[in-house]
Amino acid sequence: MTPFATNLILAFVWAALNGGIGVSSVLVGFLVGYAVLFILQPLFGASRYCSSLFDGVMLALYFIYELIISSLKVAWDVLTPTHRSKPALIAVPIEAKTDAEITVLANLVSLTPGSLSVDISEDKTHLLVHAMFVDDPEAFKQELHKGMERRVLEAMR
Amino acid sequence: MNGLLIACLLVPMMTAALSFILTSDVKSRGVISIFGSIALLMLSFILLYQVASGGPVSNQMGGWQAPMGITLIADMLSAILIVVTAIVSLCVNVYAVGDISRDRIAGGFFTFLNMLIVGVVGAFLTGDLFNMYVWFEVMLISSFALLVLGGNKVQLDGAVKYVAINLISTVLLLTAIGLLYGLTGTLNMADLFIRVPQVENQALVTVVAVLFLVAFGIKAAVFPLYFWLPASYHTLPISVTAVFAALMTKVGIYALIRTFTLIFPGEHSVVDTTLLGLGLVTMILGVFGAMTHSDIRRILAFHVIGSIGFMLLGLGLGSALAMGAAIFYMVHGILIKALLFMIAGIVGKLGGSFELSRLGGLYQERPGFSMVFLFAALALIGIPPLSGFWAKLLILEAGLHHDAAIVITFVIIASLLTFIPLMRIWLEAFWKPQPLESGPKIVESLDSDIIVVENGSVKSAVPLVVPPNLYIWTPVLGLSAVMLIIGLMPGKIIELSDTAAKTLIDPSAYIDTVLPNRSAAPGNLNEVQK
Amino acid sequence: MELAINIALALTAFGIIAGCIRMYKGPTPADRIVALDLITILLVAVSSLLALRLGNAAYLDLGLALALIGFLATVGFARYLEHSNIPVSDEEDRALAKAARGVNTATSGDQTND
Amino acid sequence: MTEMIVSVLIVLGGGFAAIAGLGLLRLPDVLIRMHATTKAGTLAAGLIVLGVSVYFASSLVITKALLIIAFLFLTAPVGAHLIARAVYRRKLPLWDKTLFDDAAMKSTDKASENALSDNADQGLDK
Amino acid sequence: MNSLIFSTISRLLVGLMLLFSVFLLWRGHNEPGGGFIGGLVAAAGIIVYGLAEGPGMMRKLLRIAPQTLVLIGLLTSVVSGLLPLLQDSSFLTGMWLFIGATETEKGLGLGTPLIFDIGVYLVVVGGVSGMVIALEEEL
Amino acid sequence: MEILLSLLVGVLMSVSVWMLLSRNLVKFLFGLVLISNVANLIIFKVGGLTVGAPALITDGGSAEYANSLPQALVLTAIVIGFGLVSFTLVLAHKAYQAIGTLNVDEMTLAEKRQDPADSEKSS
Amino acid sequence: MPADITSQTNAYSNSEIRKGINGSANTAFACALISAIVFFVAYLSQVSSIAAGTPWTFSGEWVPRLGVQLDFRVDGLSLLFGLLISGIGILVFLYSYGYFKVHKGHARLQWLLLSFMLAMLGLVSSDNIILLFIFWELTTITSFLLVGFDHENTQARRSALQALLVTGGGGLALLVGLIMLGQASGSYLLSEIIASGSAVTEHEHYPVILTLILLGAFTKSAQFPFHFWLPNAMAAPSPVSAYLHSATMVKAGIYLMMRLQSSLGGTEEWFYALSIAGGITAVWSSMMALRQTDLKLMLAWTTVMALGTITMFLASNLQIAALAAVTFLIVHAFYKCALFLAIGNVDKSTGTRDFNKLGSLVRFMPITALGAVLAALSMAGFPPFLGFIGKELIYEGTLTIADQPWIIVAAAVAANAMMVGIALTFIFRVFLGGESTITREPKEVYAVMWVGPVVLAIAGLLTGLLPGQITEYVIQPAVSSVMAASAEVKLSLWHGINGPLILSIITVAVGIMLFFSLSIVSRMINNLVEKLPVVGDSAYEFLLNRTQFVASKLTNRLQTGSLSHYLTIVFMAFVVSVAVTLLYHPVSMDFDRLTPVTPFIAIVVFLMISAALVLTFSNTRLLAICALGVVGSGVAVLFLVFGAIDVAITQLMVETLFVVLIATVLIKLPRFPDQTDPAKTRGLRDAVIAIAAGVVMAIITLGVSLTPLDLTVTHFFEENSLAQAYGRNIVNVILVDFRALDTLGEVAVVATAALAVIALLKVRVHAQGPR
Ligand code: NA
Ligand code: NA
């Protein structure tokens, strides 16, 4: 996506926020969006920013689904009188290389039922995960590596 | 002249901003600031002229009529005080160029100084109680900034107390204003004059009045609320102390005068008696404090408190005569405090210390400068025909007029005791020969970056004691000249003070200026007056 | 509808109270931060419910602002937790306090600090 | 109909809010509690906000609601991560049934351990 | 904070927050919001970014010294108040310009109060982020 | 309602004064934040309480609005309070750095006692 | 820095600098001398017209509001003083020129003396009492500077301060007294006050006025118990002592009493006050004079004695008393000034003033000796000097006025005998006889230095021989002024053998005896003095130290340096003042106006109160912050519920931002100290103050919220927000339009706070900074 497109999106978001897609509000929205982009210039190249924004929106939708599942599971554990959990802190080796990949992976892990990203090793090779229901750590690692991580990498590469 | 009042406010504000933005050069900032203060001085004289010739001047902000919009109004009291503020501002600005270190200026010294003036002028000009709170805060935060700028540990220690106690006062003030709004539904001070007597629950009005007394009492450094002042003033660079000593507490006094003449006049005689009593105690304790200390700055700081007591007497006695005396005393007090602190700064620069035991020989070394100090000290003590004498004479006359024997007695005692600390400065710093001490000693720091360590004759740190320069002498001599003129020709200022006092006692001109259509209002002015 | 709002408010209020209790009990600073985080998020819920109840969508603006700014608080606290010298639990805190008092009394006799 | 949907959404949201609170109270250690708050709490707020947007059904309100949800879902996992990381690095006490398999993180550990011992000293030095 | 996840997300957030802040500023005259709230949101965005990336990046983001930004904001407010003096009204009197006004619709209202609010916004953004930058740099 | 809120004001006032009087500067700071809240609450409360009628003019909406003036005052006060409290916070930090304590009773550098004996000696 | 000053001090030996000094000193001397001559001549030119009853007057405007105008009026009394001041001034300036020729402070001294003379002349010529006071104070200040002239000497500094405090304090009393006098008589003009006759003595405030004015006069004229400063003031150089402490300044009090005698006198109060003070002063100072071996001190004490004597005479309102006082005043001015100057010459030449070490100075400094001996003879009251006439008048007066003549007469004889004794000591143990133990050979002084004593001594002789002129032109007009009625007086050396003459003879006899037994007498007096209670100097010292002590104690007790102490007092003041007000003005409450409580609010309030209590007892910082956060959020929720959305948003954001800031800062701050063992009483006191503060605040808030609120202003905003300010958010419109000035100030606060914080954070703190 070009910066212009991003700008256009921002313009429409603005117009929507202002309660109606009209000529004047889109125009103002475009100006505001341009200002925001201008301000953000030093952060990174505009194209980089655009893709991040797009992924963000897409992944957000995915999160919602995952979130509902995980919440229900936690709710179950909270509401039943006994704690069935077998918590563990597991350093899972990861393949994800870029910051964006790692971030998405980590956040997805956090929103997945029963797991929470805790830390990333300094060399970015391991993701420390706190899991609520772990019987076998190695199995857990495999599952995360093969399941979640592959899906994320496929989506992003 | 729609813009005159607001110009008095905006000139220092824009000076504050522009001096910082336009340049990072230390001297240029000072020059911009000096020009700003000259502009303010000119404006203030125009204002005084207008008020003197045509009565109170007012302007509604945003064009919204009173009591809805905020009123800026200058009556005689405000106009006088703004002129005096502008004089102090100009003097301190010039002095600061020669005195303040580069670090402090880089940190925004002139911005803060001008913002302080904004707050002071705003407080003097506003006709709206909440707006007054806002200007008080502008003044307060600027003073905080000046207080800590480039600070060493002693300065920070003093700042903690200053900040803490003043913040309490701020909160109490805000509460009091809120409560008064809850009782009357208005914040306009002229409108309050009309509405306060209409409040059914007068007991609550009295309670709120007491809250105001406490809140402004802290600002004005009234006993037993003055602790912040001697805790901090002596830790500051002289330029800052000069402007603090001259203006900060006087704004509190102004607020007390304004509140208790306009909003809670007459019938709250309990408050008046209390003010009188507090004034007496403050006066004596101020002098006692000055007698206790041997650091020139601390001596003078306590004198600031002592003079607060004098000013309260005028308000406490409550007549136009007494109020006029208090206003004259205020003018004298503001200028003489600024002058004395600036002189103390020169003493520090010449003698390398503010501690009397380490000073000496200045009379021999600098006879001319000694005379300037002596002149200022005698003016403070109230030796005729200097300004302090007229202030004292006015207060004594007012006191005698009221047959207030206790007041007279206290004034006499305080005046007599005032001799002791000031003459001690003279005896020790000027007359006494320079002490020659042996052994290592740390000469007091005059500024954050000036530390002198002496061991016998060997100085083991760089003595950065700056000799006074033209920037420092000019305001001192200029202000001395002003004081001399006031002393020799006090008539005009006494006349203006009397006019101001009359406007305070009978605020109908003030009210009419703010609320020209008030005849429709139910409050009958004549009933409310004393 | 009215009932639903009241039930939802009550349940959310319960969540907030639970958060307050956890905040009070600790025992680790992290527990408190987590509790504060939850309270912030639930305040977003409360403001939305108030929008419903008072029939004014303007209350949603508060939710929006809170959602943004609440994150800032969490980040700030997390950093505080990670970098500060605060004890990791109330127990450690008490132990440290006791030790500090011991040192105090050992060195400076009658001096009491509070 | 709208009212029905709104009611369901907000009561459900309220329910999750209560569960999050309950979880915070009942679960054994801070990391496990975070599972409850980050997930159930975020969901609770999201559902209720959604309910509000359904009720008002204007583009402005919907945009606002979506923005709230987006903000929450972007920030919740990050916030959780930061707190959890601090818990881990500061070695806060965890439930004794917790299994540790974090050998690969040692490099990160070293630094924080030093920091911790320094801090402990500071703690005494008041 | 030196967290990869945090810094990645913070870049995203700061954009959203700035946009939202301008929205709040713009709508403040008619809906909840205004210069102060908008400024705070913007500052919060900048702070989030700063916490993730360090104070140096915050300075880079602001481009001019925060003190200057603050004072420019103050001057903006002052100047917005001075404009009406040109047509001999009092300080801070609102002056309005309606773009695309018709008989029924007032159109897009631009007034000195908005400029005033922009000044407030700038002061808050500069002030709050400046404080945090200074604090971060000092610690 | 009035009694309940007055009770709240009273309790909060007491707690803030208690905190302000504590010897620890950080506690003082907390007390300061709290007492600012009390002041704001008082202004807000004495300005009259109207449930759920934001001072936003809607076309054809009811003419009943919550009292807008105290709101504006409180808003101003909050902002000002923020400025002051932030400053105080940083001051506490710097003071600790310089003086090495947060105990206000130990912060007496600026006011060295002047003994009567001392002053006699020097005169 | 200190080193520089010593080098500067030494640098005065440098001849170039000396030339510079002489240059400026010559200018000063010329100014002083010319002024004195001009004034003297001017006064002389007025003599005949004033003697004829036409005073010289001048009126100018100054500060009409205060009634302080430039009113001058020279009548007989003023003329007498004016002649003395300017005439003696000429001699003293001349003398000083020689005395200080090479002194570094010569110019300064001449200027000071000139200022003093002008102040003194102003004092005696003012017709306006406030103007008189202004000059009065100026003499105090100039004399302070003159007494402390030798300022590097500790004793000089102490004496100067003492003189200043005593006379300055008296001056303050005098000021009040004069204002009251003005108010009582309805005028600040002396001529009108005097003309108003007994109006003042019949006024209800008369005793107060009298007391205050006499306090001023007594301190200035060194009357008991304020006499002590005068001998101490002898730390001043000789010409200063001669001028100020014998001839002029100390007579200012006398002048005032003479001036006001006609309006304040004639009452019992006046009589007893003056006669008792004067009597004690005379007797006490006579004794003290006999103790001294330092000639200058001896003279100083005799001055005090003379002042006492004059005061005693002024007690009576008889003409003979006034005559005696006026005459003695002149006599005393002549001989005392001459003697002081002579002693100055002796001191200068020999380096000592101890009469035991001096002797037969006539051989070395004959001219000085001539002047001194003639003056001493006048002092002893030998004919044909004016002193003789003065003494005769004293006896005549004593015999006339005293109720109990024999006691007073005895006292007068004793005092005069002492004078004789001392005069003989001067003559025979210093100048004409006696043994000298000094090592260096004294030389006669410059002409300018002996001209003073000689002229004055001769004046004493000539006026004694030919009293007619001085009586007609000076004494009679002066007495008329004192009496406020034209007086007819005649002076002559010989009155025939009468009571006074017999007393004079007795006096001389006793005096001679005294001269021979001086050492015994002084030892006896010394023994006596040791047994007497503390007076004078030590009382002053005691009072000063005590005041200083109390001041320090009180200041240190209040200004402890501890913030918690300050805050405790501040809050106590707040609680007590409000509580007392509430007690005296009970607040009535209209409970019908209460609105019902909703459960939601109740829960919020409950949570807030709980959180506040947690905050009170929290020992961990994080818990405290969290509790604070809960309270803050609760406040926000309350704002929200009651329709303040903007405020709520702001509150929450500010709260959060603050929490972030505090969390950042707390990283670097120490944890809360342990509070398990707080000082119990302190905790209790704090708790009481805190609870009381809460209670009063709750009561006030409740009271105010139950008061109906006038919503005019708010309604105006609501009506005009959209219509005239084009905004729907009323709160925002208030902020940016209706009350935009508040917001401007608020923005200024935020801007300044930000700048301040940034600047503060840049401060480099030196852990071992300056103390
Ligand atoms: Na002051
Ligand atoms: Na009054």
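The backbone N, Cα and C atoms fix where each Cβ goes, glycine too.
Positions annotated as transmembrane segment by TrEMBL: G:28-56, G:107-124, G:161-181, G:242-258, G:270-290, G:297-315, G:321-343, G:364-386, G:501-521, G:597-615, G:687-706, G:747-765 (among others). TrEMBL lists G:66-108 with the feature domain 'NADH-Ubiquinone oxidoreductase (complex I) chain 5 N-terminal'. According to TrEMBL, the domain 'NADH:quinone oxidoreductase/Mrp antiporter transmembrane' annotation covers G:126-412. The annotation domain 'MrpA C-terminal/MbhD' is assigned in TrEMBL to G:607-671. According to TrEMBL, the feature domain 'MrpA C-terminal/MbhE' maps to G:682-762.
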Residues of the parent chain within Cβ reach of the transmembrane segment (G:687-706), under 8 Å, 6 or more residues beyond its termini: 568, 571-572, 574-575, 578-579, 582, 587, 589-591, 593-594
Chain residues outside the transmembrane segment (G:501-521) and at least six past its termini with a C-beta under 8 angstroms from it: 290, 380-382, 388, 391-392, 395, 409, 412-414, 416-421, 423-425, 428, 495
Stretch-averaged pLDDT - the domain 'MrpA C-terminal/MbhE' (G:682-762): 93
Contact set, same chain, for the transmembrane segment (G:28-56): CB under 8 Å, 6 or more residues outside the stretch: 72-76, 78-79, 82-83, 85-87, 89-90, 93-94, 96-97, 106-111, 113-114, 117-118, 121, 472-474, 476-477, 480, 486
Top partner of the transmembrane segment (G:364-386) among G:107-124, G:321-343, G:597-615 - counted as Cβ pairs under 8 Å: G:321-343
Contact set, same chain, for the transmembrane segment (G:597-615): CB under 8 Å, 6 or more residues outside the stretch: 623-624, 627-628, 630-631, 634-635, 637-638, 641
Residue distribution over DSSP helix, strand and coil in the domain 'MrpA C-terminal/MbhE' (G:682-762): 70 helix, 1 strand, 10 coil
Residue distribution over DSSP helix, strand and coil in the domain 'NADH-Ubiquinone oxidoreductase (complex I) chain 5 N-terminal' (G:66-108): 28 helix, 7 strand, 8 coil
Tally of DSSP helical, extended and coil residues in the domain 'MrpA C-terminal/MbhD' (G:607-671): 54 helix, 0 strand, 11 coil
